[in-house]
Amino acid sequence: MVNVPSIELNDGNKMPQVGFGLWKVENDKAADIVYNAIKTGYRLFDGACDYGNEVEAGQGVARAIKEGIVKREELFIVSKLWNTFHEPEQVEPIVKKQLADWGIDYFDLYVIHFPVAIKYVAPEVRYPPGWFVDGDSKVEYSKASLQSTWHAFEDIQKKGLAKSIGVSNYSGALLLDLFAYANTKPATLQIEHHPYLVQPKILELAKSENVAVTGYSSFGPQSFIDGDMSLAETVPLLFDHPVIKKVADAHSKTTAQVLLRWATQRGLAVIPKSSSQGRLEQNLDVTSFDLTEEEIAEISGLDKNLRFNAPLNWGIPIPLFS
Ligand SMILES: NC(=O)c1ccc[n+]([C@@H]2O[C@H](COP(=O)([O-])OP(=O)(O)OC[C@H]3O[C@@H](n4cnc5c(N)ncnc54)[C@H](OP(=O)(O)O)[C@@H]3O)[C@@H](O)[C@H]2O)c1
């Protein structure tokens, strides 16, 4: 089985450097995929309320534990707070619901999914709630500040509902503000990261504050073509890019493995998603070979500061990254 290194977080917990992302994993396949991923050697699962598959992912985990393939404490289960639950009094109830969905009693890491508070929608009304208060097109913001949500995160950590707490999709400015009010610093930052969005400055800031960074959408446009985003069709697929292909040939690896190794050698954790057993296996084996400094620099040189995962790109009128 592949030996995956761990990253030591600033709270002393250890996070596997390679995990499995659950976005767009179909409900009817999620339990089997998670179970097979555990058998393959994955220990970190990156879930979220918004992915709508936490119940099924939890069933895969339960089966693997029941069969003695893994113990709960060997897994690192990540979930995220959706935007409609930012009011401090909503945080604990929704974490408890998400834990119940997974069938576990703590998350290893719980993350603020996006730095935007939108109006509460009760789980009985619609779950996952999505971006729109009416489930259609109407955006309504909530008055919850990110500071108040973070303090609620500190409380759930104290109560043992999440061993580590972190943030996602934060800018440098939001991180600096968070460092000013946090009693407990975020253990991790999760951001979009691929050769078209290299983000060197926020990585430097995170490193200087000892915040571990997880890169998502490591394959760049691929994941967004799946989501029918026209922006993703404006650039060459990274899998077909001559620079990535040249490096892959030089190491007898796949282009996907090169993209993941480029990120892990830059110190990030990665959480690729795949519905195929073969691809899932190769995506785990991305720390056993090394790219040269020149190859890393050449890949970083493909930067276009091109962000796919912004609400506006999905037709959601929230200028989060503007
Ligand atoms: N915090 C956030 O806001 C946020 C946003 C986006 C994503 N994420 C997290 O990050 C995870 C990963 O990002 P992502 O889902 O955008 O996608 P990704 O992992 O960058 O890409 C997934 C796509 O690549 C394909 N693929 C996977 N492995 C491959 C390989 N070895 N060779 C060729 N194609 C391969 C998959 O197809 P097949 O399934 O057919 O293999 C799928 O089309 C998500 O699942 C989620 O957990 C977080």
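The count begins at 1 with the first shown residue.
Glycine is no exception: its Cβ is also placed from the backbone N, Cα and C atoms.
All TrEMBL annotations are machine predictions without curation.
Annotation comment: TrEMBL describes 18-303 as domain 'NADP-dependent oxidoreductase'. If you look up TrEMBL, you'll see Y51 marked as active site, proton donor. The feature site 'Lowers pKa of active site Tyr' is assigned by TrEMBL to K80. For H113, the entry in TrEMBL reads substrate binding site.
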Among K80, H113, which are recorded positions, the residue with the most C-beta atoms within 10 angstroms of its C-beta: K80
DSSP three-state assignment for K80 (site 'Lowers pKa of active site Tyr'): strand
Local backbone state of the residue listed as 'substrate binding site', from DSSP in three classes: coil
C-alpha spacing of K80 (site 'Lowers pKa of active site Tyr') relative to the residue listed as 'active site, proton donor', in angstrom: 10
Model confidence over the domain 'NADP-dependent oxidoreductase' (18-303), averaged pLDDT: 97
Rounded to the nearest Å - Cα separation of K80 (site 'Lowers pKa of active site Tyr') and the residue listed as 'substrate binding site': 5
Three-class DSSP secondary structure - the residue listed as 'active site, proton donor': helix
The residue listed as 'active site, proton donor', number of other Cβ atoms within 10 Å: 22
